[in-house]
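Trainee: As annotated by Swiss-Prot, signal peptide applies to 1-22. Feature annotation from Swiss-Prot assigns disulfide bond to Cys90-Cys95, Cys189-Cys205, Cys344-Cys371; the stated evidence is similarity to another entry.
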Amino acid sequence: MLAQSCCLRLLILLLLFTTIGSVPKKSLKYFTNRKLRERRIKLFGTKKTEIQSLLISTWNYTDANLQAWSVLQQGPRRTRQAVIQGCMACQNQRCGRLLTGRSSPDTEGALTLEAAIMDGESLEYGAVAGMNGVRNAILVADAVLKYTKHSVLVGKSATKFARSLGYKEEYLTDARTRNVLKKWRSNGCQPNFWRDVHPSPAENCGPYSPLPEHMHQHPMHQEYAIIQGQHDQLAFLALDAEGKFHVASQSSGAQFRIPGRVGDSAVPGAGIYADNEVGGAVASGDGDVLMRHLPAFLAVEAMRAGKEPDKAAELVVQRLLRHNTEFNGAVVVVNRRGIYAAACAGLDEFHFVVSGGKEYLSMARVERVKCLERENEVIDGGPKGLFPTIPEKHKVP
């Protein structure tokens, strides 16, 4: 038995060495490292592609974009500081109806702010909403991310949290705010966000009481108007040469909103989203619609499923229009290689500012995207004007 066992083992070894000897060294090495190779291809693609730093901001405020870009260029892993700087620059300058304009109160005349920041590496998110009395809401949102296990703080409690960390509280409403509110009230409180109440919110200021359900009307819904230079939200996206993303958004809220309303800037996936493995996206427009559909999140997930940035942006705006035919707004999408695209609806064209990127045409260049004609209900999408189509060599494998 022992002799038979030894012979059997020798036969197996002989067959094994004969098989290995018949396999070329290259093939043997390939099979030995196959799993490692497959993992590398899955994670990184077959070719190593250089990533250029990129800073994108919504609308056409070039000064704020340049300030954020200058921070991004100070060294590696500066994406967080860059998007924060961009938000602070716009909060302390005149960017649309943000705080410096003092022209976006709620119906009671209060100026409340919201902001959010997201880390594309950890997927951590920090935000505040309905916060009154603290100027740079983005700093408080960043503090929520860094110093708490929460994602969003709201209202007076967010203000109290900010004070506990040493942020100065100040009275934000001034004569400009009161004048805006006075004109609105003298115009019958038009426009407003009420519906199916009595007296008719289309003609009266209230107070209102609910109509019986059988009296509810369903007129064509007019979305919140987004006008160049009159918007109340801005978003920033930063990508560095290591492939790290941060996105941030800051808003003074919809003008003449009902007190207590939370906007898209504070809701994960609505105004901003980023994942280093895939890319990032920022959206701007009617915040109540954005919160229902989470377009920034949808855009990133569309890229995860294999869509190029232009097709992802197109897909998202089509989704919004399918359910909200009067939607006003836009989405800007960036993949992990730094290729970007945008799509929009409800405007003649949407502007956003780009610094860096593969083309390096210029810093703080204003890109323009022509929006769709509503009657078509199809996004022609993609770049227009200075915005180049995606070269074949730059497409993600």
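Using the three backbone atoms N, Cα and C, a Cβ is placed for every residue, glycine included.
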Trainee: What same-chain residues, at least 6 away in sequence, bring their CB to under 8 Å of the CB of Cys205 (disulfide bond)?
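Mentor: Counting only residues 6 or more apart in sequence, the Cβ neighbours of Cys205 (disulfide bond) under 8 Å are Arg185, Gly188, Cys189.
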Trainee: Please report the distance from the Cα of Cys95 (disulfide bond) to the Cα of Cys344 (disulfide bond), rounded to the nearest angstrom.
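Mentor: About 20 Å separate the Cα atoms of these two residues.
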Trainee: Identify, in sequence order, the residues in the chain of Cys344 (disulfide bond) that are 6 or more apart from it along the sequence and have a CB within less than 8 Å of its CB; answer 'none' if there are none.
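Mentor: When sequence neighbours closer than 6 are ignored, Cys344 (disulfide bond) has Val317, Gly329, Ala330, Val331, Phe350, Val369, Cys371, Leu372 within Cβ distance under 8 Å.
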Trainee: Around Cys371 (disulfide bond), how many other CB atoms lie within 10 A of its CB?
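Mentor: 22, counting other Cβ atoms within 10 Å of Cys371 (disulfide bond).
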